[in-house]
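Below: the structure, in structure tokens.
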Amino acid sequence: MNLTDKTVLITGGASGIGYAAVQAFLNQQANVVVADIDEAQGEAMIRKENNDRLHFVQTDITNEPACQNAILSAVDKFGGLDVLINNAGIEIVAPIHEMELSDWNKVLNVNLTGMFLMSKHALKYMLKSGKGNIINTCSVGGVVAWPDIPAYNASKGGVLQTDAFYRPSIIAKHNIRVNCVCPGIIDTPLNEKSFLENNEGTLEEIKKEKAKVNPLLRLGKPEEIANVMLFLASDLSSYMTGSAITADGGYTAQ
């Protein structure tokens, strides 16, 4: 895949899909910088992986100076930045008529504004270096709205509009590509927590019920989304920009 010695910055990389991506890129001999708000998880990841190619920087992606610092940390640590993966995200379950404004703003600030801030400062570096690759973690919720998570759906719909954010026709001239992946329901710790908080039954029972929504009749694995990210980061996808890959077990094809 030709990712050896490439430097990849992953937001929300200390758990779930992000952590699976960290491991996938390390396996390809890439340098990986994780920007995550959870310092304890980040430090635990560093100890577990014990890899000189991995670096952690505690980052609140809703804070612009913190985002700028994350980009600079990647450049200072490994000498450049080849790939930015905007993966950090949250969801709050509540129908729109019951959702607090503070919760609405929190979701949009992390999922949408955080992506904007990280991309803004990554692009400043990539435009100067004449190359780069941005991968955004969207969601099926940005294509077909999930019930009772209106802020999440709205934020991911914004993420999907890569043309509006990045103007691929302009930045492509500088050898910069931008694409996104739209996962379906993935078996992550964050989703497990949400399942138990918002459904009745055991975790195993809830997972079986959730799996029925797509033709493959199972939840996705974080590693399966990480594999899509590897493809988008590599030369195998060199003719792709402004595209979205849906990995949802066939949910949106029904």
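Placed from the backbone N, Cα and C atoms, the Cβ positions cover glycine too.
Noted in Swiss-Prot for the protein shown:
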- Tyr152: active site, proton acceptor (ACT_SITE)
- 9-31: NAD(+) binding site (BINDING)
- Ser139: substrate binding site (BINDING)
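Here the features listed in Swiss-Prot are placed on the structure.
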residue: Leu9; record: NAD(+) binding site; CB count, 10 Å: 29
residue: Gly12; record: NAD(+) binding site; CB count, 10 Å: 27
residue: Ser15; record: NAD(+) binding site; CB count, 10 Å: 19
residue: Gly18; record: NAD(+) binding site; CB count, 10 Å: 26
residue: Ala21; record: NAD(+) binding site; CB count, 10 Å: 29
residue: Ala24; record: NAD(+) binding site; CB count, 10 Å: 23
residue: Asn27; record: NAD(+) binding site; CB count, 10 Å: 11
residue: Ala30; record: NAD(+) binding site; CB count, 10 Å: 24
residue: Ser139; record: substrate binding site; CB count, 10 Å: 28
residue: Tyr152; record: active site, proton acceptor; CB count, 10 Å: 22
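Annotation: Ser139 are the binding-site residues among Gly12, Ser15, Gly18, Asn27, Ala30, Ser139 whose CA atoms are within 10 angstroms of the CA of the residue listed as 'active site, proton acceptor'. The separation of the residue listed as 'substrate binding site' from Asn27 (NAD(+) binding site), Cα to Cα, is 25 Å.
Cα-Cα distance from Gly12 (NAD(+) binding site) to the residue listed as 'substrate binding site': 15 Å (rounded to the nearest whole number). Here the CA atom of Ala30 (NAD(+) binding site) lies 25 Å from the CA atom of Ser139 (substrate binding site).
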